[in-house]
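Comments concern the structure below.
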Amino acid sequence: RWLTCKSLPPGALERIADTIADRLRVPWFSGAVKINVSLVPPLVLLPVFLHVAALHFLLGLIILTSLPVVVLWYYYLTHRRKERTLFFLSLGLFSLGYMYYVFLWEVVPRGHVEYSQVVTLTCGLILMLAALSRAKKDPGYLPIPAGNEKPSHQGLPNESIRGSSSGLHGFSGAASSRAVNGEAKGYCRMSAEQPAGVKKDWCTKCQLVRPARAGHCRLCGRCVRRLDHHCVWINSCVGEQNHQAFILALSFFTLTSVYGITLTLHTICRGRTPFVALFYCPEAYSDYSSALSFTCVWYCAIVTAGMGYILLIQLLNISYNVTEREARLALRDNTGRRLLGGLVIDTGQYNRGLLCNWGHFLSLRSSPPQRSAEDIV
């Protein structure tokens, strides 16, 4: 009916897509394993696009310009629909594997890369994957009430509860000089007692009282301690328990990628500095192997620039002891100060100086979170 331009019943295409996604399985010893459809496009399209881009300079310019646009469009599409997807995780991991493959099979055989340099690059990749694996674990989800029972909050004063289904913090200005539940430790230890007059943060979605700086993730459907943001590249939240691993993964990726780009450009564009060779390398398209390597270098440079910007924002936020979620809320409520040209938003609520802020960040997982009286009851 669709091919003959006839009308389709409402929801027919959605049912067809759901059926195809359900039938897409791989045989396995314990039974067929269902494959997430969002995993497939990067595995197929990325090698095809990069090989086509290596055919000519203009093709490379068009493809490398359109790829970030398509990825950003898909991000905003899934973000608007509040959907979780494995597309970005699949794209990131397959890009790493494919770039490493091109480096070993196209760059190393030219004889300009030493064995120690290959080992260094491999170690950086392994460390990055190890940090990424840790970042994929529990970000600090708040425990769901036993038996899925909604905890009663009748014992709490009405004025101390504020409905917050979207993860809004409920702390008054008088509480800005203290941390609840021992939020700050290390270089400057603050009082863990809850000040009088501080409003409790009640989540109507999870039906629980959240500690300070916790927030509800609308994609994961859970409340997370010290929620920073939901990262599509790891398909998980970044919170109290995995924020350090997330920073390590970004750092190892940036350093390893820059090192690999430098080695490749030194091999392909001899006699030029990496920055000059990135923009001017006439011999890059002298043969297909060099063209493919040069195209992959530009693809890595685009991805590294994006990840480097994310890492910069994260480091600045840590230096001012503010999370990405708190920065967005401060912008919305017009309660924060724009610093460093708008790169960081200082809320002034938890900022205790550079050393104290980093000491607090490095001690996030040093002790188990304290349980409130409501959780114990």
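Every residue, even glycine, has its Cβ placed from backbone N, Cα and C.
Annotated in TrEMBL:
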TRANSMEM  48-74  transmembrane segment
TRANSMEM  86-103  transmembrane segment
TRANSMEM  115-132  transmembrane segment
DOMAIN    199-327  domain 'Palmitoyltransferase DHHC'
TRANSMEM  245-268  transmembrane segment
TRANSMEM  288-312  transmembrane segment
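Comparing 48-74, 86-103, 245-268, 288-312 for CB pairs under 8 angstroms to the transmembrane segment (115-132), the maximum falls on 245-268. Mean model confidence for the domain 'Palmitoyltransferase DHHC' (199-327) is a pLDDT of 91. Residue counts for the domain 'Palmitoyltransferase DHHC' (199-327) under DSSP (helix as H, G, I; strand as E, B; rest coil) come to 72 helix, 19 strand, 38 coil.
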